[in-house]
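Have a look at the structure below, then the notes.
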Amino acid sequence: MESCLFIHGFTGGEHEISPLSQFMEQHNYRSRTFTLKGHGGSRNDLLHSDRHDWQQSAEDELTELLKTDEGVHLIGFSTGALIASHLSVRYKPWIKSLTLLSTPVFPLNPVEILKTLGSFSMLKTYINKFTSTPPRATREFQRLVRESFSIYPHIETPTLIVQGKRDHLVKTRSADFLQHTIPTAQKQVIMVDNSGHMVCHCEDKDRIMNEVLHFIQSVGS
């Protein structure tokens, strides 16, 4: 049985990718999810972690899988996609495929985000999340975004890029940038009409999950 390592996003958790991880398990893949250091707890926990801690959390999970697996499929959502990109280069011989979901290559700034929010409930949710996130943690996220630009040209793993056209946190041109910057010959881009940032929870999630499954199956073991 092949393994998939799922990496969630900044200030998020395993729920962000749980529909896909469960779907892959139903199709005979071993799904491994976990919580990045500083996440899933208090504001103070996030305050006392940085991008290196987040990356180390994912690397620890990967190396644990590689003790029993010859290779792993990496699936990263949002900030998790940035971390997965770094790991795909660092552990290139052991990464079978890389799936990048809603990758914040070009994240929107707060003013741009406010313009995209379509309802009062979305606005309230965003404001609550924005005000509860320590500024230091946000700066760490921004540093990880910048550092990732030097990684993309070195990704040689088969790569699937998924981007929602209604994403209120990431500019859709992020997907186009990845398509033209990642040099691997095996890559595919899926633009999802009816999806915002949370591609695993959108109304087209069944299509997305099947596309991910087919891509991973296509690269073989």
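Cβ coordinates are placed from backbone N, Cα and C, and glycine is handled just like the others.
Whatever TrEMBL says is automated annotation, not expert-curated.
Since the structure is predicted, the reported quantities are computational estimates derived from the model, not experimental observations.
These features come from TrEMBL:
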type     : residues : note
ACT_SITE : S78      : active site, nucleophile
ACT_SITE : D167     : active site, charge relay system
ACT_SITE : H197     : active site, charge relay system
DOMAIN   : 5-199    : domain 'AB hydrolase-1'
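Where TrEMBL records a feature, it is marked here on the structure.
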residue : record                           : Cβ neighbours (10 Å)
S78     : active site, nucleophile         : 28
D167    : active site, charge relay system : 23
H197    : active site, charge relay system : 22
Cα-Cα distance linking the residue listed as 'active site, nucleophile' and H197 (active site, charge relay system), given in Å to the nearest integer: 8
C-alpha spacing of the residue listed as 'active site, nucleophile' relative to D167 (active site, charge relay system), in angstrom: 11
Three-state secondary structure, H197 (active site, charge relay system) (per DSSP): coil
Mean of pLDDT values spanning the domain 'AB hydrolase-1' (5-199): 88
